[in-house]
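Everything on this sheet refers to the single structure shown next.
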Amino acid sequence: MGDLRSQPLLRAVLGGLLAGLAPGVAGPLSMLPALALLWSLVERPRDAALWGLFGVLLSHRWLLGLHPLTWMGLPAWLSLPVAVAIWLSCGVAAALLLLLWSLLARLCRRRDGTWRFGAVLLLALVWGAAELLLEGSPLFWIGVGGSVLPLDRPLAGLGRWLGSGGLATLQLLWGWGLWQLWRRRGRRCAWWLISLLLAHAMGALSLSPPPALAALRLGAWQPAIPTREKFSPERQRRFQSALSSALQQAQSLKVEALVAPEGTLPFRWQADEDPLPVPLISGGFRWVRGQQRSSVLLARPDRAGVEPLVDKHRLVPLGEWLPPLPAGLTRGLSAVGGLQPGDASRFVNVWPSPFAVAICYEISDGRALAKATAQGAEWLLTIANLDPYPQLLQRQFLALAQLRAIETGRDVLSVANTGPTALVSADGTVQRLLEPQTDAVAAAELQRRQQLTGYSRLVWAWSSR
């Protein structure tokens with residue numbers, strides 16, 4: 001096979017596969033070698049694109065869990081091709097981005113083919129900035145910055161100052177350094193190791209959480225309802241009794257409110273019990289001027305009906321948001337018939353205390369949550385429905401929740417239909433409240449905090465310009 005350094009195609013495939021293993025699994029242990037291989041291909045746009053293709057196809061392989069889609073009205077013969085097409089489209093999008101980045105790299109090199117460190121730094125900064133911009137778009141889930149967790153919490157501590165974009169930039173620089181060491185057969189590796197150790201030491205020191213104001217005890221309901229069965233007549237009949245049971249369990253746990261996951265309450269839901277045993281904070285659906293929205297709703301014992309707190313802003317393409325296509329072409333693409341986005345702000349300034357909300361996919365938008373924290377959010381809530389996807393997506397989701405906790409210095413309560421239901425402390429430590437796929441109610445005691453992190457201040461200063 002020869003020396004790996006002389007095999008660009010092999011390096012592209014191997015690097016992409018290593019990168020794909022990083023999010024939620026191997027972290028920097030596989031990402032840094034993957035980035036070193038990418039730097040070795042930086043002047044080969046097609047090979048760099050191949051790196052991106054394989055990286056995203058492997059890291060996003062959970063998308064194949066969409067199949068079968070027959071419950072959404074799609075013919076059985078078309079279900080697998082549609083799931084594969086969605087999966088491949090994500091890989092192709094990543095390949096195009098890597099192609100553009102490689103073309104930019106060609107413009108940055110010297111005429112003699114060598115590299116200034118300033119050019120390397122510029123390319124790393126462009127990558128980090130691109131991840132920050134993309135995380136607010138509907139076409140991004142997890143990148144190099146988010147791949148640090150759950151494996152390397154000390155390094156992720158730097159996210160308290162730099163955010164996910166800064167973590168991505170640092171890893172790009174270390175990847176370049178690792179490639180230089182490889183080229184030189186390991187000579188002059190001291191500076192590389194020292195920078196790595198210093199970053200980990202600084203990150204570990206930064207993990208100290210802001211001081212807590214008071215504790216908040218909340219219940220978390222994980223109903224574990226398979227999405228493919230959720231809208232069946234039998235499940236609809238059983239829903240109200242299941243919710244009533246969860247509310248009674250929450251009352252026995254002496255919590256201030258019960259939190260239920262994304263999409264739990266149907267449109268125009270009314271409680272059977274009057275009054276409710278405890279307040280209910282739940283995902284659900286509502287209509288606003290003829291537009292359907294996925295929302296977080298609050299039902300209180302002393303008030304009739306439900307109060308909308310925040311609407312989902314960042315919608316999943318096709319799964320939630322549908323383009324204006326003829327009705328026959330949208331069949332089988334969305335279980336909810338197409339949603340409209342709400343306001344971009346994630347800040348909720350109501351009972352029980354000011355907090356910020358990320359509904360499912362929105363957990364990848366760190367800037368929005370940092371901005372909400374700067375507006376006064378004292379804790380973060382994320383609700384989701386990750387069924388029917390496999391456990392890999394839950395691990396990636398929880399890794400992003402850890403990163404958001406570290407960036408903002410806030411405790412994060414995650415409540416999901418089939419998991420992960422967990423409490424993430426402001427220092428990124430995770431307390432699993434319930435096992436995946438388990439129908440149960442658990443209590444979580446989180447801490448309310450007000451002191452801002454450097455990253456939240458930076459995001460607020462930038463957004464206020």
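Using N, Cα and C of the backbone, Cβ positions are placed for all residues, glycine too.
Every protein chain shown contributes to the tally, and the Cβ of Glu262 (active site, proton acceptor) ends up with 22 other Cβ atoms within 10 Å. If you look up Swiss-Prot, you'll see Glu262 marked as active site, proton acceptor, on the strength of sequence analysis.
According to Swiss-Prot, the feature active site maps to Lys312, an assignment based on sequence analysis. Within 10 Å of the C-beta atom of Lys312 (active site) sit 28 other C-beta atoms, taking all shown protein chains into account.
Residues or ranges marked as domain 'CN hydrolase' by Swiss-Prot on the basis of sequence analysis: 221-448.
Under the heading transmembrane segment, Swiss-Prot lists 12-32 (among others). Below 8 angstroms of C-beta separation, residues 4, 38, 41, 44, 47-48, 50-59, 61, 142, 144, 146-152, 155, 171, 174-175, 178, 392, 395-396, 398-399 of the same chain, each at least six residues beyond the ends of the transmembrane segment (12-32), sit close to that stretch.
Marked as transmembrane segment by Swiss-Prot: 49-69 (among others).
Residues or ranges marked as transmembrane segment in Swiss-Prot (evidence: sequence analysis): 80-100 (among others).
Positions annotated as transmembrane segment by Swiss-Prot, on the basis of sequence analysis: 122-142 (among others). Packing against the transmembrane segment (122-142) from elsewhere in the chain are residues 23-24, 42, 59-60, 93, 97, 101, 104-105, 108, 163-170, 172-173, 176, 314-317, 321, 361, 364-368, 396, 399-400: each is 6 or more residues past its ends and has a CB under 8 Å from a CB in it.
Sequence annotations record features per position, and here Swiss-Prot assigns transmembrane segment to 161-181 (among others).
Within its own chain, the transmembrane segment (189-209) has Cβ neighbours under 8 Å at 152-161, 170, 174, 177-178, 181, 406, 409, 425-428, 447, 449, counting only residues six or more beyond its boundaries. Taken from Swiss-Prot, the feature transmembrane segment covers 189-209 (among others).
A Cβ distance under 8 Å defines the sequence-distant neighbours of the transmembrane segment (161-181), meaning residues of its chain 6+ beyond its ends; these are 28, 31-40, 120-121, 123-125, 127-129, 131-132, 135, 143-148, 155, 187-189, 191-192, 195-196, 199, 206, 366-367, 370, 403, 407, 453-455, 458-459.
DSSP assigns Lys312 (active site) to coil in the three-state reduction, placing it in neither a helix nor a strand. Of the recorded residues, Lys312 (active site) and Glu262 (active site, proton acceptor) place their C-alpha atoms 10 Å from one another.
Taken as a whole, the domain 'CN hydrolase' (221-448) shows an average pLDDT of 90 in this prediction.
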